Amino acid sequence: MSPREKANTPTSGSSTSHLSTAECPLQTGRVPEYDEEVRDEDDDRGRVEENDEEEEEEEDEKSSDEGFMGMTPLLQAHHAMEKMEEFVHKVWEGRWRVIPHDVLPDWLKDNDFLLHGHRPPMPSFRACFRSIFRIHTETGNIWTHLLGCLFFLCLGLMYMFRPNMSFVAPVQEKVVIGMFFLGAILCLSFSWLFHTVYCHSEGVSRVFSKLDYSGIAFLIMGSFVPWLYYSFYCSPQPCFIYLLVVCTLGLAAITVSQCDFFATPQYRGVRAGVFVGLGLSGVVPTLHFVISEGLIKATTIGQMGWLLLMATLYITGACLYAARIPERFFPGKCDIWFHSHQLFHILVVAGAFVHFHGVSNLQELRYTVGAGCAEQGTL
Ligand SMILES: [Zn+2]
C-alpha cells in the first residue's frame, strides 16, 4: 500500500491519537496527543482532591449537574464545547506526542513518505517554539537553518569588522559583500522560522511559507551582487545589466511565491524549478566572463571551480527536494533524520558557504591587483 493510499484509510491501531480529527468535537482540525502520564497525573490529582474536599465537590457536582441539566440543549452544547476547549488547551500546554501522517489535518500534510513523527497542530507560538527542543520530522529542518543562520551572522559581523586597510574600496566592498550576508541570513532565518511555526495554523503556515520561498530568492539575488561586482569590476555596464536582470527575475520569483497554489505539495517540482532557474540565470554572465577572459583565467582568477561546486550543491539539493529522495525509497525510515528536506537544507548552507569562499577569494585577488583597471576587461 502506498503512503498516499495509507493516508486515505481510516486510522486504526494503537499509535493514533486519543482524539483524532474525526472525533474532535471542536471540529478545529486540532489533534491533541498526550502522554498516558498526563492522564495518570490528572487521575492522581483527582483522587487527592477527592479525599480532601469530597463533600464540597459532591455539592459542586450536584449543583453543576443541576445547572447543566437546566440549560437548553443549545446552551448545553455550548457549555460542553467550552469545557472541551479548555481541556484541549490544558493538554496542549502540557505535553503532546508526535502523530502519524495519516491523522494530520490536510493543511499539514506535505510529504506522505514521512509516515510518523509529525508534530500535531499547536495552540500557540509559544508551544511551536518549545517544540524546537523536541524530536519530530521538523527538528532537523529547524536546527540546520537555525545554526546556519547563526553561523552566517557571526561570519558576516566578522567580515564587516575587518580592518578597512584589507580592502581596495572598504565601504563599497563591505556593502556589496554585506548584500550576500543579508540574503543568506534572511533566507536561513525565514526558513527556520517557517519550519518552527507552520504547525500553528493554516493561516500562519501560509504566511511563513511565502516568507520562506522569498528568502530563497533573496539568497540567490544577494549571492549575485558580490560575484558580479568582482567578476566585472572593470566593466560596470554589463555588471549593472546582469544585476538588473537577476533582481527582476528574483522579484518575479517572489511574486509567484505569493500565490497560494505555489506552496501546495503538487507544485513541489515547480518550486524547485523556479529557484534553480533563477540560480541558472548566472550561466549568461559566466559565459560572458569565460568568452572575454578565457577558460584558464575563468577557473583561476574567476573562481569558476568554486562557483561550479556551489551550483552542484544547490542543484543536488533542489533535485533531492523535488524527488523526495531518499524517503521515497524507504518510506517511514527517514521520518526524523536524513529525509530530503533536511539534506536540501544542509546543501543550501554548504552551497552558501562555498559561494562565500569563492567571493572572498575574488575580494583578495582584487586587493592584490589594486583598484586600477590597466587592462580593459580584466577582472
Ligand atoms: Zn525548508
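Easy rule for this one: first residue shown is 1, then count along the chain.
Cβ atoms here come from the backbone N, Cα and C positions, even for glycine.
TrEMBL does not curate its annotations; it predicts them automatically.
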Notebook entry, point to check: Where TrEMBL shows H341, H345 binding Zn(2+), which of H116, H118, H136, H195 is named for the same site?
Noted result: H195
Margin query: Would you say the transmembrane segment (343-360) and the transmembrane segment (270-291) are in contact under the rule of three or more C-beta pairs closer than 8 Å, pairs 6 or more apart in sequence?
Written below: no
Checklist line | Dominant neighbour of the transmembrane segment (303-323) in 142-161, 211-229, 343-360, by Cβ pairs under 8 Å | finding: 343-360
Margin query: On a simple 10 Å Cβ count over all chains shown, which one of the binding-site residues H195, H341, H345 is most densely packed?
Written below: H195
Check: How would DSSP class H345 (Zn(2+) binding site) in three states?
Finding: helix
Notebook entry, point to check: Neighbourhood of the Zn(2+) site (H195, H341, H345): other residues with Cβ within 8 Å of the Cβ centroid, in order?
Noted result: E138, G140, N141, I142, T144, H145, S191, Q342, F344
